[in-house]
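Undergrad: Here you go, one structure.
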């Protein structure tokens with residue numbers, strides 16, 4: 001048992017790192033879809049926007065990373081606001097129209113980004129201070145990924161507190177539960193919608209900045225990130241922070257420990273897990289607190 | 001809302017839409033076909049969109065450079081190049097090839113990045129009897145063709161070129177890992193075909209990582225570390241090559257376990273993406289930009305001057321495709337038709353290439369020299385000779 005643990009320790013820790021990256025990306029998709037009922041398939045593009053921001057601003061220093069994080073959050077928030085504005089007219093026309101519109105946007109933006117940055121995956125190294133490896137009970141592990149775990153865990157706690165514990169979160173949940181009642185209180189519903197969308201999008205872009213050394217910016221990254229996010233949302237359950245976290249951590253472990261333990265099934269593990277979860281719990285592992 | 005939501009439908013729709021966009025349209029061209037005495041039309045079938053765009057750009061630039069260096073003429077005839085977008089899939093490639101052959105009525109076609117496209121257009125070129133001088137894709141399964149030539153190499157040859165060398169140098173078992181699709185399997189099989197007879201031992205079992213989609217290589221890197229391997233042979237290209245090499249360094253394997261690979265691992269734009277993580281990687285390829293020979297002195301500096309980067313093997317093979325067509329069109333004399341050009345292709349003889357001298361074998365691929373290369377200060381440099389292959 002001890003040997004088994006030792007042999008898979010790195011995989012387990014890395015599963016947490018990868019899972020937290022997926023959480024940072026996917027939580028916005030889950031909240032916007034689950035709470036605001038807007039299906040945003042341009043979510044991977046928001047990640048890509050953050051990753052390119054990291055490439056453009058990363059100069060190998062910690063201030064450079066902080067600058068990239070700020071700029072990335074801004075790019076993401078603006079992108080989220082723009083997407084809210086674009087999808088608003090389709091609010092009553094169902095998810096298929098939203099899917100076509102937002103997917104169309106991803107293709108246009110992907111082509112623009114390819115024209116601006118070229119067709120290659122671009123190098124984005126973590127700050128010099130966070131490069132190198134540490135000894136993890138006898139195994140080598142990249143320092144940057146450990147730091148990433150700490151930062152992403154803080155983000156997860158903050159997002160949880162914001163949505164589940166703060167009065168702002170209460171307002172959002174109330175809006176989801178009964179729009180008319182909240183409107184009757186004199187609250188501008190659109191501001192809530194814009195706010196949640198911008199926040200979710202900013203998180204995806206921040207994920208892009210932090211994740212760039214792992215999932216570097218390049219053509220096609222937006223699609224793989226979108227698919228992973230959709231799987232996380234489907235597995236975790238829509239519209240709850242806890243659901244996104246549970247789904248992301250599970251998929252993170254499936255993609256690291258699972259792949260290491262069952263290499264011959266590696267190509268099927270991701271969607272196999274999703275299928276298994278859907279059969280047992282059609283609405284995901286964690287049901288939304290407000291919409292069930 | 002939860003009741004209306006069907007996750008599987010959503011995933012299916014999304015996947016469908018993503019796939020559908022792979023079928024990009026071909027670019028528009030002019031359709032005049034009474035051009036017996038005037039310029040000859042050559043089709044360039046390369047990706048101008050999608051994942052393989054970077055490769056397509058290299059190939060286009062290599063071909064156009066040769067034509068430009070020769071006064072816009074091939075075989076004494078003025079050349080009109082018609083470019084069509086191969087896209088990402090066999091379907092988009094086939095549509096573009098049909099447009100070149102049937103609508104533009106080109107004399108010959110060059111290009112083609114993807115093996116799937118080559119397989120998809122094989123019958124088209126064979127039945128319409130128009131030569132395809134391919135400058136990249138060359139699957140091992142492509143045999144018995146009369147009109148399809150390649151100036152690159154057969155898919156399993158980079159692995160074959162490296163096997164013996166690694167068996168002699170590794171000093172222990174070697175871990176084999178590749179992207180899980182046809183090209184990856186070809187390279188691993190090619191490698192084993194020379195590695196095992198030379199006494200090489202494999203560490204554990206060979207691993208194929210899911211393709212596309214593997215972004216986090218940590219599970220496989222742990223396997224490598226735990227296997228006790230003295231060296232690694234891997235096959236990756238494009239974005240996966242960048243991810244694999246960077247994570248190989250991040251998890252502390254670089255400098256500890258030597259990494260060998262077919263040249264694409266560090267070729268072209270991916271090398272920039274890998275940065276200093278690529279230092280010391282050893283690869284096998286038929287070309288290195290720093291080769292010192294007459295043809296490369298004509299090719300590499302001109303390419304660098306025009307595009308600001310070292311030429312890749314993709315650009316070089318396309319430059320050679322233009323050179324081969326130059327010779328064949330010249331040899332076809334006054335009666336230049338696709339069939340006379342194709343006949344002339346079989347007797348173009350020795351080609352003075354930036355890679356060294358080579359000639360076509362009976363299967364229409366080069367008999368050529370192979371080089372061991374090492375990444376030093378961000379560039380591939382020749383580190384040894386791996387003999388000739390293709391005979």
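From the backbone N, Cα and C atoms, a Cβ is placed for every residue, glycine too.
Pulled from TrEMBL, these are the listed features:
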type     : residues  : note
TRANSMEM : A:12-33   : transmembrane segment
TRANSMEM : A:40-58   : transmembrane segment
TRANSMEM : A:64-87   : transmembrane segment
TRANSMEM : A:99-122  : transmembrane segment
TRANSMEM : A:142-163 : transmembrane segment
TRANSMEM : A:192-213 : transmembrane segment
TRANSMEM : A:225-250 : transmembrane segment
TRANSMEM : A:257-280 : transmembrane segment
Undergrad: Mind checking which residues reach the transmembrane segment (A:257-280)? Cβ under 8 Å, same chain, six or more beyond either end.
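TA: That would be 8, 11-12, 15, 228, 231, 234-235, 250-251.
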Undergrad: If you count Cβ pairs under 8 Å, which stretch among A:12-33, A:40-58, A:142-163, A:192-213, A:225-250 touches the transmembrane segment (A:64-87) the most?
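TA: Answer, by Cβ pair count: A:192-213.
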Undergrad: Compare A:12-33, A:192-213, A:225-250 by their Cβ pairs under 8 Å to the transmembrane segment (A:40-58) and return the stretch that comes out on top.
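TA: It is A:192-213, which has the most Cβ pairs under 8 Å.
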Undergrad: In terms of Cβ proximity under 8 Å, which residues at least six beyond the ends of the transmembrane segment (A:192-213) contact it?
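TA: Distant contacts of the transmembrane segment (A:192-213): 21, 24-25, 27-29, 31-32, 35-36, 38, 40, 43, 46-55, 58, 65, 68-69, 72-81, 83-84, 88, 124-126, 144, 148, 151-152, 155, 159, 171-172, 175, 182.
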